[in-house]
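Asker: Take a look at the following structure, please.
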Amino acid sequence: MEEQNRCKKLRVCVATCNRADYSKLAPIMLGIKSHSDEFDLEVVVLGSHLIDDYGNTFRMIEQDDFDIGSKLHTIVRGEDEASMVESVGLALVKLPDILQRLNPDILIVHGDRFDALALAIAAALMNIRILHLEGGEVSGTIDDSIRHSISKLAHYHACCTRRAEQHLIAMCEDHSRILLAGCPSYDKLLSTHHRDDYMDIIKSWLGDKVKEHDYIVALQHPVTTDIQHSIKIYGLMLDALMSFNKKTLILFPNIDAGSKEMVRVMRKKGIEQHPNFRAMKHIPFDQFIQLVCHAGCMIGNSSCGVREAGAFGTPVINLGTRQTGRETGENVLHVRDADTHNKIYHALELQFGKRYPCSKIYGDGNAVPRILKFLRTINLEEPLQKTFCFPLVKDCISQDIDHILETQSALAIDLGGTNLRVAIVSKCDCQKVFEQMTVHNCLNAQTVELNMLMLCAGIGGGIIHHNELIHGSTYCAAELGHIIVSLEGPECSCGSQGCIEAYASGMALQREAKRLHDEDLLKVDGMDMKLSEQVTAAHLIDAARLGNSKADAILNRASTALGVGIVNILHIVNPSLVILSGILAPYYQASVQQIISKRALFSAQSIKVVTSDLEEPALLGAASMVLDYATRRVY
């Protein structure tokens, strides 16, 4: 079988989406082409390669004497988040026909671009094996998520660093299918960067007067997860470069969301007409290598700055978060919080003109021979379905009713007025509810009757008798928040008027706080309240504490309404204890106790009002009901 595989040529499809990934793929393509007795090469070009605004870079592929088998126009213009999604969708529509026609044995995909994600999805769904280059690396923004997604779809991996290899293993990828190859672009740059004609190249792009190590290369891309901030950093970088007054070669940003806005900023500042700047859409990689190698500094957030530039010892200023997590050499100065012109300018002063030791973190110049050798070992007779090397875990226990009852845990859901909370609660957790009742009463809790009120966004409650929750004939007993304490009171969410909840709930207090705030009557000296901050009940309480008489009057009315409602409950069921729970409970406790002592019948005035110290009383209460029912069920 292995002999048959060696006799058969491996059909390899290389798909390239942009100028950056082509610099990594071109050396592999050249290696495959030079071994035509072993491999058949098919080249697919898509993405920004085919767009004039980005230099029509497919032409450099043709100039490198590669036959382009298919050109796919997949970019939906717009350069915003939606257009990136639409571009992925368009690529997924067009790719099946191409892949079906080419029928490759393996597809080589590079990196972390959205176009590459479309390629990986299409190939995986069409049962085509995928070799992913540069997986396992960590940088920043959405690129990490895309890169790791492609790695999970890929069958084989050629990574650049030892750390990236370890990341792939930690992601449960099969170690036997991971090759530590190094970066393919290093094969070219390490063998060609000592060119005798480098000054001719520099002068052709920057003019005859420029000297070696006396110019800057700038390349800044949008950060798709924080577009506006990245545009701001771009403007600050341009301002700093103009102030620094050195010849600067600046490349247009890539096609990610936000690139149009960056170009507008560049043109608004007149960069293309500025005597110190040369703005370019594209520079051939072999010439770009010379420009980076002999620059006085490179600035921006391109991966080239933290990867390729290190091989030459070129000083680099990395702006923002786009490369956060990348392995870098000592030549890189990070300005992650690039929020001022002065900070970037100072970084230029520190870095410009320095030289650093050359770094080989990302490769030693021998990646392509390793990758070709790896391709030769691929056995097409092996099952296509990839497997993951998960760490050992205990055997799963089947989920049946007996097991659920034995483990005695419940799924509890708190359907609040402003949020939804879910928890899995054990019988041990629910025991805390019973223990708290016992502590508060110092009696036999099996015969004690209790009132419990939840004071949060709304107001709910329950009556517990002989350790049982009273449900009522239609399961709506103890709707304590809707006891009416005033015929002319505010409208309640239930449709009635004058309910306790309409006075004393968190939503009611927030409504009153907003009203005072709108009338400019809420804030007083000493309050720490930001303009953009949402007004809440806490602000009302804080204002009252600091002497706001109107806020204090609202809270007194709320406390009175709650206290009167509780007095009515005491006169009906005569419980031994009232437990207040929720975020407002500590505020109301003393007031309610005072109202009971003044307004309740003598026989009820001694009933204590306490606050619950349970962290999630609603969830614990719901779980207690389920577990109590399940463990007492006869079957």
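Cβ from N, Cα, C; glycine included.
According to TrEMBL, the protein carries these features:
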| type | residues | note |
| --- | --- | --- |
| BINDING | H482, C492, C494, C499 | Zn(2+) binding site |
| DOMAIN | 36-375 | domain 'UDP-N-acetylglucosamine 2-epimerase' |
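Give me the local environment of each listed feature.
Answerer: Non-local neighbourhood of C492 (Zn(2+) binding site): H482, G498, C499, E501, A502, each in the same chain, at least six residues away, with C-beta under 8 Å from its C-beta.
Averaged across the domain 'UDP-N-acetylglucosamine 2-epimerase' (36-375), pLDDT for the predicted model comes to 92.
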Asker: For each of the binding-site residues (H482, C494, C499), count the other CB atoms lying within 10 A of its CB, then report the residue with the highest count.
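Answerer: Going through H482, C494, C499 one by one, the largest Cβ count within 10 Å is at C499.
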Asker: Can you give me the residues near the recorded Zn(2+) site, meaning same chain, not H482, C492, C494, C499 themselves, Cβ no more than 8 Å from the center of the site's Cβ atoms?
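Answerer: Checked against the 8 Å cutoff, the neighbours are G481, I484, S493, G495, S496, I500, E501, A502.
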